[in-house]
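Participant: So Swiss-Prot has the following annotated:
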BINDING   G165, E182, K183, S200  alpha-D-glucose 1-phosphate binding site
Amino acid sequence: MTMALKKVLAIVLAGGEGNRLMPLTADRAKPAVPFAGGYRLIDFALSNLVNSGYLKIVVLTQYKSHSLDRHISETWRMSTQLGRYVASVPAQQRVGKSWFLGSANAIYQSLNLIHDDAPDIVVVVGADHVYRMDFSQMVEQHIASGAKATVAAVRQPLNMANQFGVIEVDQNDPQKIAAFVEKPASTPGLAADPTQFLASMGNYVFNADALVEALHVDAERLDTKHDMGGDIIPYFVDQGEAGVYDFTLNDIPGATERDRTYWRDVGTIDSFYDAHMDLISPVPIFNLYNSEWPIYTRQSISPPAKFVRGENNTVGTALDSIVASGVVVSGGIVEGSVLSNDAYVAAGSRVQDSVLMDKVRVGEGAVIKRAILDKNVKVPAGAAIGLDPALDKARGYKVTESGITVLAKGQVVPEPGEAELALSAQHRRGLPEAVKAATHDDPDIRDSAEKVAAGIQSRVADAAAQGAAH
């Protein structure tokens, strides 16, 4: 049977808690975490499947799935009369009284979905990675190879081996897996590049009957964690029936040379932050603006973003940033940041190298640097976030080892004291980094810009003093 005649069912594993992304996952499943101003993490997996031509998709959910289920129902509506659907399927205890015990058990408990649709091929993908991929190319290789299971693979730095499934390729057949170990303490590097190893992307293609058989075998075992990477893939490797798909071979329309093999696991706060910073350069490491392979999401009903002068005639600006619908920058300065829908940045404030989610409000003269603020956080005037790790920790904010400060959804920011006001005032001085770079070779323009900045800061200070007097 040719690929065009094969029936394909896609299963998205979206039940993970995402403990390493806390506090962003305190009230939502990891695939529902907002990303890049207006998306949810799951939008990347679903967009890739839809763009690949796969329009029968089930999403297996479990942990705090309300916002995820709502997003899927409001965003991913298809014509069910034509046999197309994206269906959110929660844990239902169809097999015994337990909830999903692992990724493999999630599919095992949902085998009725496979039996009902009777596909030839099952594509299984994770819901929390940022990338573009044409799965039809992977399916085509899978069918041609005769393998019963195929794993998508990407090269990663050797020091990250303990975070991924590690693939060893058969020396006589580069499309066959010789060994697969889930998250080993260490692993040898590739022969072609000893600094890298071949990591599983968590994306799989199976012959449907072979997958069903493997899941039944796994369910009967006592020595299993019911995990796709830890148990099901090794089962096929032991049988000599597991293939590997090299992600670098995947060809995406409209991709740039820089982002064509981009894949980011955003399972930690630091990697989540870094993925945002990958978006904002003029030639980004990952290009959101590829209209030939769009990433779909629910369209905001908010009005366009607006940049206006503040009450003290300070100019609202955003440099090297992504700004979503409904954002108002009223006399503040935004640099190297991502602002989600309906965020507000007041006069004299500065947001630098940060991620602000929906409806975050930044008060006058506040400074935010290298921080992630979840929805509905209100930052009072003159506050300093991300400038002093000890101060941030004392106020109950999460601070990562690399120095990223994270505020949870709706977290209360206390009014700043004198020391904090002085700290934020110190960091408001001077030109934005982007302006410094742009005027590096023109001292006259740099001097003029510095005078304007000094004037703005003086007016902000005067306004703050007047407010304190009253």
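Even glycines carry a Cβ here, placed using N, Cα and C.
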Participant: Which value in Å gives the longest Cα to Cα span across the alpha-D-glucose 1-phosphate site residues G165, E182, K183, S200 as recorded?
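Facilitator: Output for alpha-D-glucose 1-phosphate binders G165, E182, K183, S200: max Cα distance 10 Å.
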Participant: Setting G165, E182, K183, S200 aside, what same-chain residues sit with their Cβ within 8 Å of the center of the Cβ atoms that define the alpha-D-glucose 1-phosphate site, listed in sequence order?
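Facilitator: Sorted by sequence, the hits are F164, V166, F180, V181, P184, A199, G229, G230.
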Participant: Just counting, how many other CB atoms are there within 10 A of the CB of K183 (alpha-D-glucose 1-phosphate binding site)?
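Facilitator: Summing over all protein chains shown, K183 (alpha-D-glucose 1-phosphate binding site) has 14 other Cβ atoms within 10 Å.
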Participant: According to DSSP, does K183 (alpha-D-glucose 1-phosphate binding site) sit in a helix, a strand, or coil?
Facilitator: coil
Participant: Over all shown protein chains, what is the count of other CB atoms within 10 A of the CB belonging to E182 (alpha-D-glucose 1-phosphate binding site)?
Facilitator: 16
Participant: Only counting partners 6 or more residues apart, tell me which same-chain residues put their Cβ under 8 Å from the Cβ of S200 (alpha-D-glucose 1-phosphate binding site).
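Facilitator: In sequence order, V151, A152, A153, F164, G165, V166, I167, F180, G229, I233 meet the Cβ cut-off.
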